[in-house]
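Note sheet for the following structure.
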Amino acid sequence: MDGFDVSQAPREYQAVKPLADLFVLGMGLGWVINYVGMVYTSFKERTYGMAIMPLCCNIAWEIVYCVFHPSKSRVELGVFAMGLLINFGVMYAAIIFSSREWSHAPLVERNLPWIFCIGVLGFLTGHLALAAEIGPSLAYSWGAVVCQLLLSVGGLCQLLCRGSTRGASYTLWLSRFLGSCCTVGFASLRWMYWPQSFAWLNSPLVLWSLAVFLMVDGSYGVCFWYVEQYEKSVLMGRATKAM
């Protein structure tokens, strides 16, 4: 068993499959809310919410596992397909408004469409190469780990580098964080009840990645609060001077 075809799962996993599907739906709901929220925020604030490289990596991963190596689980495939469609909207908004964030770097500002295209192509071929190297089932999970770490670290770095909550919100953070936590729950069930194929999820590197995700994404909320308070203090200072 390669761990990708759920119909081949042992009876122990089949018994908890409804709960696993619930986690998958939770993951999908969280990320759909996040993607829709990012598109809305991008057009409202004329900026982009997801850092460039994580966005390219994420959409490339979704293309690979919706088109080239689709899951045999209808629930999982449906969630990925919906996420991919909305993610194209995220990418479109990012291409339109990203130049407003790069006026300090003219070379980047003038070539952002090319940067997005090359980034997606690079990560797409990387995910395909990983699938060819270790098989789609393992590459699916390891590729998702890479996407998640890039999203977590990239999101925090973007918040701190901007020094502004522009393009971000508690809703975007929590939908992303809780959606990814549902992925952890789904993976935990596979590890516990399908060890023939998923015992490797208890490996040191996976546990390290989980710890980094929880630490970085958990600290995002704290950093967001501090940046928000700083913005409020600046506005109050300006209002006081104007009086």
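Including glycine, each Cβ sits where the backbone N, Cα and C put it.
Feature list (source: Swiss-Prot):
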TRANSMEM  19-39  transmembrane segment
TRANSMEM  48-68  transmembrane segment
TRANSMEM  77-97  transmembrane segment
TRANSMEM  112-132  transmembrane segment
TRANSMEM  134-154  transmembrane segment
TRANSMEM  172-194  transmembrane segment
TRANSMEM  205-225  transmembrane segment
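By number of Cβ pairs under 8 Å, the transmembrane segment (77-97) is matched best by 48-68 from the list 19-39, 48-68, 134-154, 172-194, 205-225. The list of residues near the transmembrane segment (134-154) in space but at least 6 beyond its ends in sequence, with Cβ under 8 angstroms from a Cβ of it, reads 2-4, 50-51, 53-54, 57-58, 61, 64-65, 69, 71, 127, 176, 180, 183, 187, 197, 200-201, 206, 209, 212-213, 216-217, 220.
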